[in-house]
Amino acid sequence: MSQYRTFAAADAVEYARQFGGVDNPNSLVDALEVGDGNLNLVFRIFDTAGVSRVIVKQALPWVRCVGESWPLTLDRARLEAEVLIEHGKFCPQHTVNILHYDPLLAVTVMEDLSDHAIWRADLVKGIDWPQAAGQLGDYLAQTLFHTSDFFQHPHQKKADVIRFTNPELCDITEELFFNEPYEVHARNAYPRALEPLAESLREDHELRVAVAGLKHRFYSNAEALLHGDVHSGSIFVAEGSLKVIDAEFGFYGPIGFDIGSALGNLLISYCAAPGLLPPREAADAREKRLNDVRQLWQSFAEGFLALAAEKSRDRALAVPGYASTFLAKIWRDSVGYSGTELIRRTVGMSQVADIKGIQDDAMRVECVRQAITLGRSLILLADHVADIDALIARIRQNG
């Protein structure tokens, strides 16, 4: 790791000239640092015409918003690149194309998606991409099926579980999803007016037991190679296109975690809409988010079952009916994990633009209250929400 150095813009340009795959490398002349996350530098590389041509991303050895007191492994750059390369084998149409990565410098070069929009940014503005949820469901079906026991040879699967072991970033997930929102913690960031509600989460024994079960399955169930951080801020959308990026939290874990994270993000948008948009537009946006929830699950479920029927390699798992049984288990997990996503994004430190963008303080409090209440309900009732219709009915009942 002695070769590691933090890139400046000029370093990113020079690196892109070497590994960006452009026809005329010397045409790359400028870089703009555009990263808005806490873990990485992200440079957009421009040519002489001012056109963005390629992305150079470098992992930082610490969390940006905290500093050197929160160090992080640089191996996550390798993990992210290899997860995306692996996912790209099975779903290239919805996975960002990795052009090159260097584990010693913790640098990845990838395709530029400047012709796409970040899905979350458009959701906040009330812009709808009706195809996106179905495309995301397809991505999840393809990547999670093909890296599961249904398809992988058991020897390869066991080797890949080791190859993609990601303890440091999993530790962050475990803290932010399953521990800190249910404790008095300095990193929690909910509105002061909701202290009684936050306290009720800490004191709800039934809820804490359910969260413990979700955390235990996150620890123990190496079902498929997860993206590990599926949310609308790590998804780019354009007409007819969806691309998933930012897989540094990837590891072998429970399939329902990726599905639930995606569903939970759509539900955050659902809860936030009244604070971001005029009443009529907000009501319309909420209906569209419920349709997205339906489309995402149906696309995933139909895709997974079709792949299982056609491509299962394990003789026992290929027995007719087993894939449906397994899918029912994924469904229960997905509902529960969607609840933890809602709570960690509103009680915990990982606040998102959907909530932060609400200008009216009282409205923000009410939107956060609704998200927390819905999250709690989904965690507690995950085993009793029979299907997608029941889930949508439960969401409507929450308000």
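For all residues, glycine too, the Cβ spot is worked out from N, Cα and C.
In Swiss-Prot this protein carries:
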BINDING   Asn40, Lys57, Glu111, Asp112, Leu113, Asp246, Ala247, Glu248  ATP binding site
BINDING   Asp229, Arg344  substrate binding site
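Taken residue by residue with DSSP, Asn40 (ATP binding site) is part of a strand. A gap of 20 Å separates the Cα atoms of Asp112 (ATP binding site) and Asp229 (substrate binding site). Considering only the residues assigned to ATP binding, Asn40, Lys57, Glu111, Asp112, Leu113, Asp246, Ala247, Glu248, the longest pairwise Cα distance works out to 18 Å.
Of the binding-site residues Asp246, Glu248, Glu248 has the largest number of other Cβ atoms within 10 Å of its own Cβ.
Asn40 (ATP binding site) has a Cβ environment of 20 other Cβ atoms inside 10 Å. Annotation for Glu111 (ATP binding site): spatial neighbours Val54, Ile55, Val96, Asn97, Leu99, criterion Cβ-Cβ under 8 Å with sequence separation of six or more. Of all the binding-site residues given, namely Asp112, Asp229, the one with the smallest number of surrounding CB atoms inside 10 A is Asp112.
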